[in-house]
Amino acid sequence: MAQHPACLVLNAGSSSLKFSVFRDDPTRERLQPVLSGQVSGIGGTARLEAKDAERRVIAERYWSADQSLSRQDLLYHVLAWISTTLDGDHIVAVGHRVVHGGPDIAEPRVVGPALLEALQQLVPLAPLHQPHNIAPMRLIAERFPDLPQVACFDTAFHRGQPWVTRTYALPKELTADGVCSYGFHGLSYEYVSRTLLAARPELARSRVVVCHLGNGSSVCAVQNGRSVDTSMGFTALDGVPMGTRCGAIDPSVIFYLVREYGMTIEDVETLLYTRSGLLGVSGLSNDMKVLLESTDADAHQAVELFCFRVAKEVAAQSASIGGLDALVFTGGIGENAPRVRELIAERLAWLGVELDASANTARHDEIGVAGARVRSFVVPTNEELMIAQHTLALLREARSPLPAARPTTPARRPVAALLRQAARRPRTFLALKGTAPR
């Protein structure tokens, strides 16, 4: 049997490890899915489930909490299972999803010591994601040093945004040091934009707003296939409310919680990242499906608040591109919750958004009323395929073997170093020009 090169894609989270394998078959126009799956419940009762290209379950395994398997052990189990399962395919590279690339990374990068160190410095900007994104890279580099790895960044798609959408009204010294809006979910937005424009070339120059709605949610204004503005900013805490994250709030809430409730910065960080959003408002769950099925008034309130804030953000993003020609829903909620799409669309009727009820319920690719001023779509995202495409493209460009990772030596101080300095000398830092704050 002919041996086909294949790419393994890893998307590591705090309690899960998602994986996919794509075949690079020269007789096919695009990469072919081979298998996919995830290990869920890491840290407790871990469960491995894997499916083939037809979405049939081909493996299922459990590890009880008392087996005390580490994240490293579980990754090795996944790699061993994949190696024994592949038939006619061999892994030539591993692509990783990385949430934050900081101010200096605008494209996929080959993984090496310098890059790993730079990504480690960015952990304070994505504490829920970055440490878990980095861990598999280190493990694979130690165990399989000759296997090329590529890091693909959620921030990269937004790097070309105009300065006015990236800049906060802060002293220029802070902006120069990287305190600015980065944006996230870029791999999803890149895939959705490419897919939409390939299927609907007439929208190439249109003003499009994409709603990536899931446990993490954001909204992005896209024109000519490029990001112009997005709701998430300096970190993935910003923007619309999410499963457990608060989204945008008045920064003074933090001061108030510290002063009046005696909370530490760590307490506030935990509150805003893990106990807020849908979970915080409902007091029930961070799962939109659970909230939609609930008869509890607080659950309904959480759904209503979420839809209101998303609609409000769509309107704001439309202003960044001078209007709205097409609205796109993607992500776990965006693709699978017609009621949420309906509630958001109702609040955007004044902009020309009008959904066809039957098309919306059936989740057709185009769900808007024929002739509506704004066209509406559901486009399933595929961040894993986007990562595989980037990884193999970089591999081909390098013409094997891959070059060593380029040193990531920013011209300016990394944001994380800046934050550490601020913690040590807050008065000097805040003064900037020598005037101590009162």
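Each residue, glycine too, has its Cβ placed from N, Cα and C.
According to TrEMBL, the protein carries these features:
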- ASN11, GLU383: Mg(2+) binding site (BINDING)
- LYS18, HIS212, LEU213, GLY214, ASN215, GLY216, GLY332, ILE333, GLY334, GLU335, ASN336: ATP binding site (BINDING)
- ARG97: substrate binding site (BINDING)
- ASP154: active site, proton donor/acceptor (ACT_SITE)
- HIS185: site 'Transition state stabilizer' (SITE)
- ARG245: site 'Transition state stabilizer' (SITE)
Local Cβ density at LEU213 (ATP binding site) - other Cβ atoms counted within 10 Å: 28
Cα-to-Cα gap, the residue listed as 'active site, proton donor/acceptor' vs GLY334 (ATP binding site), nearest whole Å: 18
Which of ASP154, GLU383, the listed recorded positions, has fewest other Cβ atoms within 10 Å: GLU383
Residue, out of the binding-site residues ASN11, ASN215, ASN336, whose Cβ gathers the largest set of other Cβ atoms within 10 Å: ASN11
DSSP three-state assignment for LYS18 (ATP binding site): strand
For HIS185 (site 'Transition state stabilizer'): intrachain residues, at least 6 apart, with Cβ closer than 8 Å: ASP154, HIS212, GLY216, SER218, CYS220, THR230, MET232, GLY331
When distances run from the Cα of LYS18 (ATP binding site) to each of the recorded positions ASN11, ARG97, ARG245, GLU383, the nearest one: ASN11
Other CB atoms within 10 A, centred on ARG245 (site 'Transition state stabilizer'): 27
Candidate with sparsest Cβ neighbourhood (10 Å radius) among LYS18, ARG97, the listed binding-site residues: LYS18
Sparsest-packed of the listed binding-site residues (GLY332, GLY334) - C-beta count within 10 angstroms: GLY332
Extent of the ATP binding site in Å [max Cα distance among LYS18, HIS212, LEU213, GLY214, ASN215, GLY216, GLY332, ILE333, GLY334, GLU335, ASN336]: 20
